[in-house]
Amino acid sequence: MESENIISAADKARILAEALPYIRRFSGSVAVIKYGGNAMTEPALKEGFARDVVLLKLVGIHPVIVHGGGPQINAMLEKVGKKGEFVQGMRVTDKEAMDIVEMVLGGHVNKEIVSMINTYGGHAVGVSGRDDHFIKAKKLLIDTPEQNGVDIGQVGTVESIDTGLVKGLIERGYIPVVAPVGVGEKGEAFNINADLVAGKLAEELNAEKLLMMTNIAGVMDKMGNLLTKLTPKRIDELIADGTLYGGMLPKIASAVEAAVNGVKATHIIDGRLPNALLLEIFTDAGIGSMILGGGEDA
């Protein structure tokens, strides 16, 4: 594989020189990273992600991690003999399932990410949206072809985010790692799509960047070519002609909404590539798709 080729000393020097203006430009800014897909499950990619996050912090960027955990939740539900059920791609989450979701996301997955970042020299702290009730949620009702407003249990959408807790951690030099669990008006837990939480958090933090790690190269056209720079108008065209559909739509919607609402740029990148974060942020070409809030496509 190309990623396994040995990089010469000259190439390393060139890469560092190319990165320097980006380091200067983004130092002091916030980058919200949605962490999911293969990058969360393959040991080498998990270690590489942790190292990259620590490096971002070392060069003055403030990373904030929002993670998923679908495969880990499925594995635990299977272990306890509870079958997963989905409506329109959303997990049906009754009280028993929510207890398991919260245990897996806020316990195992969150703490594993925190531990790995800290192992490589970072100072990460894990939080859930229920901590300080900083992510307020409301029940999400799903429309299906047969019925509108289907109740799928303790699945929520973001009602509001109080960034005080996260900003306080950043100001003290920590790397916040956020489990996407929100709290309802009665104190009940809600499972929230991690892409949605990442997008809303990036907006509220006035982040320079929102980076969504996926198992695809980025946004592709009908011919399978990577579209490296997009605007909301172009995204609408790709949805209208059927190029974008299915499970990609919620991710795209969160990315576009963040870009429109003040995040300087949102990026959809291939988390299966080693050093994906660094390649997207610190190289001229990047590796994924960048969505800008306005202007013309490049």
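Note: Cβ is positioned from N, Cα and C throughout, glycine not excepted.
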Among ASN148, ASN191, ASN206, ASN215, which residue shares the substrate site with GLY69, GLY70, ARG91 according to Swiss-Prot?
ASN191
List the residues of the same chain that sit at least 6 positions away from LYS34 (site 'Transition state stabilizer') in sequence and have their Cβ under 8 Å from its Cβ, in sequence order, or write 'none'.
VAL66, HIS67, GLY68, ALA194, ASP195, ALA198, LEU210, LEU211, MET212, MET213
Please compare the recorded positions ARG91, LYS251 by how many other CB atoms fall within 10 Å of each one's CB, and tell me which has the fewest.
ARG91
Could you name the residues, excluding GLY69, GLY70, ARG91, ASN191, of the same chain that surround the substrate site, i.e. Cβ within 8 Å of the Cβ centre of those residues, in sequence order?
GLY68, ILE73, THR93, VAL101, VAL104, LEU105
